[in-house]
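Everything below concerns the one structure shown next.
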């Protein structure tokens, strides 16, 4: 019956699928990565960028554990920026503009070189399950492969439906067919399924953009790599450009809002809160006359530009009017239309903390199928699912990431315990221990774990050991070395500490300076860590506390508009109910306790 046997089969070669396949193969499993189109491996279907606040943390943690997204981003980046630098290092976020074609090429090169991994261009149309355990898959070529575990990483392809104004048609991504047979098969499994939607803006011919009317945006003078395997970035940079919509843009959208698939009632799926369409912005922020737009190059060898901030499901004739009403885009040519896409997703409460379905052994889900949005969230889930699929296939115990491990654990716990009612995006505010879970120390926190799990290779482990040795030496030296009679360890705790002068006095090289900066941040945050642990203990103490019958959530200080809205719609009777409410962050719970006078 079976053509071949694989230990692990990964369905879909987007960001989740690539990491899942790489992790499983690294752990010694014979792994099949199945994709409709081999040339689309690692495709960046929407924005040509990786990272951001919270998202960059996921990429750093993924890299520290032996993942590949950070390495490929460094190889393919055309502009690098560290976001939030005016704030503390705990919330600094790495972000890079990416050459989309280079990213695909570099990702495929890594996967092609990965031992134990086979890539096939075939659409999986059926999961073969016996006695509530996966045993194989069937492809559109009528080939049947037996396997020990399966990772489903289908992105927006499960019964994907594209909307451009009044027009709608089945598609997994513009130009690619949807996965209908597998969607039907998964529906038959009895899992709780819903529909989400996402959107993307038009792409322009950059040669038709008048950059003289736009503001140039460059990256950091000294780019910071994503991967701890890289000490510096050696790639040419490309600028982005900042524009603004106009009053005319607003008028065009208001006049044609009934033709938007989002507002005509044509779309039923729920979209991402933090990536609204331009129609949403005009409707929800009526007082604003203009909105900022970023023009981002899609690569070195293409003229295409991504219009960040103008995601839309308007018909194509309205898209032309909208684009040409933006200053600098009066003569712009659209080369690809913007669109919205609806797709099937499985409620993540159907999963356990290893991303295995509770109903079926050996069946793991990763990425947008779990209700998340973003390349980074997908990639992190891919590693978790691939790791555990491999361990299941080898009859080893599963590994569960906990919230205290980092953003990996925070994301999975949020998904499987709270579920989602809109696409989930990572933010630093979701972590109780965000001052500990920093980007700069991700390797110090997680590379030993990755090594223990078998995900970290020899070169990465040797690099970690060298860095750890240097950290320990600098920690000891900073306690003994004095500047103006004061130990360096005390100077580093001061907010006005000039790290450059300290390094100069200690005669440290650039690499040692980076390690000293990590130690400095550890020192600064050590006191805050104790405070947060105390706050978490207080939250646990008052979990069963009954709330007053009527609370005016608008009077609780420092709650975001999302948290207020969710609490107003909920029927929370205890502190535990507040904690369990989707979208309520740990900091919000602490603020509520303060408001209630619970010390």
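Using N, Cα and C of the backbone, Cβ positions are placed for all residues, glycine too.
Going by Swiss-Prot, these are the annotated features:
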BINDING   12, 13, 14, 15, 16, 17, 124, 179, 368  FAD binding site
BINDING   271-285  NAD(+) binding site
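Overlay of Swiss-Prot feature records on the structure.
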residue	record	contacts (Cβ under 8 Å, 6+ apart)
12	FAD binding site	34, 35, 152, 153, 154, 155, 157, 367
14	FAD binding site	42, 43, 45, 153, 155, 367, 378
16	FAD binding site	151, 153, 155, 366, 367, 368, 378, 379, 381, 382, 385
271	NAD(+) binding site	196, 197, 198, 199, 262, 277, 280, 340, 422, 423
273	NAD(+) binding site	422, 423, 425, 562
275	NAD(+) binding site	198, 199, 311, 373, 425
279	NAD(+) binding site	253, 257, 260, 262, 263, 312, 313, 314
281	NAD(+) binding site	288, 291
285	NAD(+) binding site	291
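Between the listed binding-site residues, namely 277, 283, the fewest other CB atoms within 10 angstroms of a CB are found at 283. Taking Cβ-Cβ distances under 8 Å and a sequence gap of 6 or more within the same chain, the neighbours of residue 124 (FAD binding site) are 9, 11, 34, 137, 138, 139, 182. Cβ contacts within 10 Å of residue 368 (FAD binding site), excluding its own Cβ and spanning all protein chains shown: 31.
The record assigns 12, 13, 14, 15, 16, 17, 124, 179, 368 to the FAD site; their largest pairwise CA distance measures 18 Å.
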